[in-house]
């Protein structure tokens, strides 16, 4: 008998690396998107923490009036923020090596641009990693599609809006009070409350919260009883068991009687598709609204739209909101310009008698 022995070629280091990166047996899946995601998110997180604690004041408006945002410069967790890159930089790419010194880079708000660009790249890679893992496990791609909603929203406020406005200084500050300041200024300049895409986003977020609470409470309440009436229903179950613990037919019947028959789902897949699609579509529309308002396609303007027979204005809520917008705009960047942009754009009255 003749035996043929073949030498098995040892796998190259690159081959072993590829297999490890794409293995679904790892405790945490890395994937090719993860190769880019890990360093970008680590960079963004590290710089954010350091800057939030110790970054010096930033000349956000480009008028030599620095604004303090870090903890060591007098802020607390609520008031602290990473101050956006200076208006003097505009939309220029501003890495450390473009500045004359690190002090200049910090003064002009370089950390903000570094954090935002690394963060956006990182979350986009996280979305790609979700798709990649789903693909390798033979799943459908809808997890990544759902995650695209917050990715689109973050991209809108951190990248698209600054591009439309012409400067990273108009981006959203990275902090609690900074976020609220961004929202107030956005309302003052773009009347976002009167934009239909924002209204769809509000319906998506609040509606999604309501539907999630309704679904969770229904599932928790419609248990398949495995015990007698003298025992707790909880005694009939163990954590992580394979058998179903609730009856969707019972939940459907309860909800149908609570509202009306066709207000409830009797199909689990249809129900969960609805729960995913409602907030995702709403947030997509909000991101689209921010992206259009970035280029000054603003919310509806119904100011002074109701007048009496004498031509006198009868104020509506639109006029009240407009008055509030002007007040907020007066307070915004109060040292950068003397008048709100809406007032400054009006032609001056003639002084010739």
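Note: Cβ is positioned from N, Cα and C throughout, glycine not excepted.
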When Swiss-Prot marks a stretch as transmembrane segment, which of 97-111, 142-156, 157-171 is it? 142-156
Looking at the ranges 244-258, 259-273, 274-288, which is given as transmembrane segment in Swiss-Prot? 274-288
Which stretch does Swiss-Prot mark as transmembrane segment, out of 65-86, 175-196, 197-218? 197-218
To which of the residue ranges 29-46, 47-64 does Swiss-Prot assign the term transmembrane segment? 29-46
Among 6-21, 118-133, Swiss-Prot lists transmembrane segment at 118-133
If we skip the immediate neighbours and take only residues 6+ beyond the ends of the transmembrane segment (29-46), which ones have a Cβ under 8 Å from one of its Cβ atoms? 20-23, 114-116, 118-119, 121-123, 125-126, 128-129, 132-133, 136
Pairs of Cβ atoms less than 8 Å apart decide it: which stretch in 118-133, 197-218, 274-288 has the most with the transmembrane segment (142-156)? 274-288
Around the Cβ of residue 332 ([CaMn4O5] cluster binding site), how many other Cβ atoms lie within 10 Å? Please give the count over every shown protein chain. 16
DSSP says residue 265 (quinone binding site), in three-state terms, is coil
Filter the recorded positions 118, 161, 190, 198, 265 down to the ones within 10 angstroms of residue 170 ([CaMn4O5] cluster binding site), Cα to Cα, kept in sequence order. 161
When you average the Cβ positions of 215, 264, 265 for the quinone site, which other residues in that chain have a Cβ within 8 Å of that mean position? 214, 218, 248, 251, 252, 255, 271, 274
Rounded Cα distance in angstrom between residue 332 ([CaMn4O5] cluster binding site) and residue 126 (pheophytin a binding site) is 36
